[in-house]
Amino acid sequence: MSEKKKLFIKTWGCQMNVYDSERMAESLGHEGYESTEKVEDADMILLNTCHIREKAAEKIYSELGRFKGLKAENPDLKIGVAGCVAQAEGEEIIRRQPMVDLVVGPQTYHRLPKMMETVKQGKRALDTDFPEEDKFEHLKLRPKAKRAPAAFLTVQEGCDKFCAFCVVPYTRGAEVSRPVERIIREANELVERGVREITLLGQNVNAYHGQGPKGTMGLAGLIAELDKVDGLERIRYTTSHPNDMEDALIEAHGTCAKLMPYLHLPVQSGSDKILKRMNRNHTAESYLRVIERFREARPDILLSGDFIVGFPEETDQDFEDTMALVREVHYGQAYSFCYSSRPGTPAAERALVDPQVAKERLHRLQELLWEQQRQTQTDMIGRTVSVMFEKPGRIEGQMIGKSGYLHAVHAAAEGVQVGDIRDVKIIATESNSLTGEILP
Ligand code: SAH
Ligand code: SF4
Ligand code: F3S
């Protein structure tokens, strides 16, 4: 029997890319590849790329450069580029990098087996084109057995929002939702394989409107259906947009026990002028009102967000408006970035803020966000939270899991199995995790 070939995948970007990498690994599994963590052992290297920030393509080219030696040693080594850089610059990659054998987009990876046939014949394959009738076929690839108790499930893809800074609508295409029945079936399959927590994924997950038994359903309807899946204990979703918040979803946070008390709701800026320039179609005030309603439904909900500083025309006052919004919300966790211009987006044409000024603003914002995160963690001390344990910790007998608020929690866990959900009393906080004691 011939030995299996080794596949090394490196993934950048959002959780949707993580999900796609898993599906691609499974698909290539049927082609005789098994995953390896060691790039030196690989018979095939696949880079699943992200295009969201500046220099993404350059980074991929320099990454590819590092494989030159490996390719020289092993001329049969296959190299592929997938994801959003592949989608945006596929032809350029093929032209500039002769050692790349395969370029596949985020909507076309279901055609990998066919592409591999081409590659096996010593030819190069480029496939980033998704004709209407074939669109979203990739989402029919079903997840295989995995030992982890927490899994992602893509329910929605693409974006119709066209924020002035963002490449996603161009690389991931228009919004589309998977049918309810298929999602429920997949959730059941995951649960049969030991999954107890599912994170519903989408670039605009709360814009979900999938075909259900009685017409289309929003995200709240889908969550109500998932609530009925026996053995599924925890439901999360990400990433939401403030403009797609339906009342029923907010309410669900107060009524559905399986829905975890955590919300990632990017706002990007606290200045109405900048929000307008960003084409966000909401104001700081309307965002704050949405947050207020979530807190009414679920007072302990932990809030997370995304911020961009130094967007074109951002003044000191605009930035102070962002700081004021952050103070008002009080985030438990957040991501913040300096604006970077992305070719092809409307904002790419506009004059940049002085990079030094942008950097200083980012620094101040991150100090504030960090302080809020620390405070949120400190406030957990003395509280009892439910933790789902996911893997052994570094210390013998210890395990690490996630609380409902998505905090990493470690505890001495004699006799606890991966996937067990236990009440844990928090006793200390470290920089990015909490320490707890499992209650009897
Ligand atoms: N669909 C999600 C996530 C988009 S990408 C949403 O709308 O929230 C994740 C984050 O990357 C964005 O929220 C934004 O904060 C950041 N981002 C996107 N494009 C950017 C750019 N050109 N420069 C800096 N940050 C950017
Ligand atoms: Fe990008 Fe805006 Fe769409 Fe989010 S909502 S993916 S930031 S265009
Ligand atoms: Fe990046 Fe594409 Fe996700 S650009 S953030 S990998 S949708």
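Just so it is clear, glycine is given a Cβ too, placed from its N, Cα and C backbone atoms.
Keep in mind the model is a prediction, meaning the values are calculated, not measured.
According to TrEMBL, the [4Fe-4S] cluster 1 binding site annotation covers Cys14, Cys50, Cys84. Taking all protein chains in view, 25 other C-beta atoms sit within 10 angstroms of the C-beta of Cys84 ([4Fe-4S] cluster 1 binding site).
What TrEMBL lists as [4Fe-4S] cluster 2 binding site is Cys159, Cys163, Cys166. For the recorded site, Cys166 ([4Fe-4S] cluster 2 binding site), the DSSP three-state label reads coil.
The domain 'MTTase N-terminal' annotation in TrEMBL covers 5-121.
Annotation source TrEMBL lists domain 'Radical SAM core' at 145-379.
Annotated domain 'TRAM' per TrEMBL: 378-440, in sequence order.
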Nearest of the binding-site residues (Cys159, Cys163, Cys166) to Cys50 ([4Fe-4S] cluster 1 binding site), judged by Cα-Cα distance: Cys166
Within the predicted model, mean pLDDT of the domain 'Radical SAM core' (145-379): 96
Contacting binding-site residues for ligand 1, chosen from Cys50, Cys84, Cys166 when the Cβ sits under 6 angstroms of any of its atoms: Cys166
Among Cys14, Cys50, Cys84, Cys159, Cys166, the binding-site residues whose C-beta sits under 6 Å from ligand 3: Cys14, Cys50, Cys84
For the [4Fe-4S] cluster 1 site built from Cys14, Cys50, Cys84, further residues of that chain with CB within 8 A of the site's CB center: Trp12, Gly13, Met16, Asn17, Thr49, His51, Ile52, Gly83, Val168, Thr171
Distance-selected binding-site residues near ligand 2 (C-beta under 6 Å), from Cys14, Cys50, Cys84: none
